[in-house]
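Q: Below, the features straight out of TrEMBL:
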- 637-647: compositional bias 'Basic and acidic residues' (COMPBIAS)
- 654-670: compositional bias 'Polar residues' (COMPBIAS)
- 97-266: domain 'Lipase maturation factor 1/2 N-terminal' (DOMAIN)
- 422-560: domain 'Lipase maturation factor 1/2 C-terminal' (DOMAIN)
- 634-677: region 'Disordered' (REGION)
- 49-69: transmembrane segment (TRANSMEM)
- 76-96: transmembrane segment (TRANSMEM)
- 140-159: transmembrane segment (TRANSMEM)
- 197-217: transmembrane segment (TRANSMEM)
- 285-309: transmembrane segment (TRANSMEM)
- 343-362: transmembrane segment (TRANSMEM)
- 374-397: transmembrane segment (TRANSMEM)
Amino acid sequence: MCPPTGLYGPEGILPARRTLRPQGKGRWQQLWETPTLLWEAPLLGLDTAQGLELLSLLGTVLALGALLTRQLRHPLVYLLLWAAYLSVCQVGQVFLYFQWDSLLLETGFLAMLVAPLGLPPNHKQAPQGRPGGVSPHEGLPFWLVRWLLFRLMFASGVVKLTSRCPAWWGLTALTYHYETQCLPTPAAWFAHHLPVWLHKLSVVATFLIEIAVPPLFFAPVRRLRLAAFYSQVLLQVLIILTGNYNFFNLLTLVLTTALLDDTHLAAKSSTSRRKRMPSSWPKALLAMLTLLLELAVYGLLACGMVHYFGLEVDWEQHVVRSRTMFTFHQLSQWLKTVTLPTMWLGAASLAWELLTALWRWVQVRGSLRKLCAAVQLSVFGTATVALFLISLVPYSYMEPSSHGRLWTGAHRLFSTVEHLQLANSYGLFRRMTGLGGRPEVVLEGSYDGHQWTEIEFMYKPGNLSRPPPIVVPHQPRLDWQMWFAALGPHTHSPWFTSLVLRLLQGKEPVIRLVQNHVPSYPFHQQPPTYVRAQLYKYWFSHPWEQGQWWRRQWVEEFFPSVSLGDPALDMLLRQFGLQDKSPPRAGGSSNTLSQALHWVRKQLSPLEAPALLWGLLGAVGAIKVMQALLGPQSLPRTKEEKHKPAPQEDSVAASKQASPAPNISSGSQTPRRKKSP
């Protein structure tokens, strides 16, 4: 889809062309220091904003194509998608400074490694039970996905405590979170009114899922990994139900699929499950020891939660009481103890994956296939080790002493590619804000400076009787930044002054960010003469307040009343460097490509982003259902092909190997892991 011109267009809040100004450097040096394909937009007769639109449209088409057709699930396609989003982030400025943007970039690069990369066809039989088209290196990229998921979840849990936020330490964070988060959903209102003891118990469960469970991602016992998978899924689904966090939770759910295996994904009958029961006493003993290990892990997790959070059941009040039983000093000592061991845990797990890949390579038959597999394993193995070393640097940020003890080569490698965002540090929901009520900025406009009309946004809280929206997987970037702006003075958010200027000028692209249906904007016929902003405190309404979702209280003036030509407004624009008088880099308005982009923008502008996104996803889902329904029609053909006589020269070789490997055909049809994350 097209990026909002109200954000990055020539008349937007932060024009993208301001970020790309040639510095007199060489072409390749300029591209390396600021890696964006938008440097090449003038070659197509486009300015920076039009180049953004072109990249977004091409990325959308490629992404949808990869969902629909197996042929487009190629490393080159995912490389183009990663490069396109990296290019957009380079000019996104404050509107793309979110951790999930970094997570999407890191995941996108891993998708290029996960994408299918097969071996040449083999005319010889593969070992029994071993699919012939499997690449030995296929487990390495999936291991990187698990390592990324571990870093994301473990760091997000740890920083909640290292931030010394009293709400997290007092286990009361969720009593504030549901109403103070940026864009709550209607379900957040109901969750907010749950009992306090349940909120505190939910915080304990959050620490369990984010800190204690992630090491199980690398557990050798399969059922422990599955338990870790379902716990992560539970957490993400609950966040989706109660908060509009765009694509973040959906992307995290995709990452959790790396914890699954083909056996769990495949539909197995009860007969096949009985066949897997151990038939000899050594296997039965191993199964029993595995079960005891599982029970020991679950018991350790339960005892740890009871001990560290003082869980007690009050049978009289029918509640579960909880409180933090450790100090910040004890936490710091624990973190110093476990940070380096978790890195060594990752290194040991990676070493096992490399040995497994090497063993698979030994089993490859055929000289050409063995050579190709060796090249692929060398390239992917080197890339996996390099990405692991790079990721250790941002991962160690949560514990400074461990960061300083890292191998200097890892630091040098990370500093070389840091601007490519191949590995990032994470720490979501570090501190709870709005403990005394969520601060909310309300814009107002007037024609005479006396009678003021509130300017209501589409998604963020404003009207007290309007229910919270559901906008997943869309992220209204302006509404999100309005939430951040309310946390401090307007001078901490320079873009806000530019927003006020564009509203005074009546720029339609910016108006569509506030109200996509322009007639719903109170000043759609004539721009306001004056604009100001007020700061309120918002709370969810009480259950007995009928017809209202919110209640609020005025706090202070957030932005003074200004008009066009006002010296105070001009001073702020100069102070923040927002008086952009530079001409566009390319004025190709008559260019055929720019005209096509203008036509597409005109068609898409009236559509609300959430509806458009769900429409595209619904269309993809419908097509996939049709493909699934029509797919079985191809099964008879495969059976017929299985009974076709082999070519003359292959039949001799097949007859020689018929007796030692009579079931090769069934082995080659073993379901494999899907190759798109």
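Every residue, even glycine, has its Cβ placed from backbone N, Cα and C.
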Q: Let's see if you can do this one: DSSP helix, strand and coil counts over the domain 'Lipase maturation factor 1/2 C-terminal' (422-560), in that order.
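A: In the domain 'Lipase maturation factor 1/2 C-terminal' (422-560), the DSSP-based counts are 33 helix, 34 strand, 72 coil.
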Q: Restricting to the domain 'Lipase maturation factor 1/2 C-terminal' (422-560), what is the model's mean pLDDT?
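A: When the pLDDT values over the domain 'Lipase maturation factor 1/2 C-terminal' (422-560) are averaged, the result is 95.
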Q: Can we call the transmembrane segment (140-159) and the transmembrane segment (197-217) in contact, meaning three or more C-beta pairs below 8 angstroms at a sequence separation of 6+?
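A: Answer yes: the transmembrane segment (140-159) meets the transmembrane segment (197-217) with 3 or more Cβ pairs below 8 Å.
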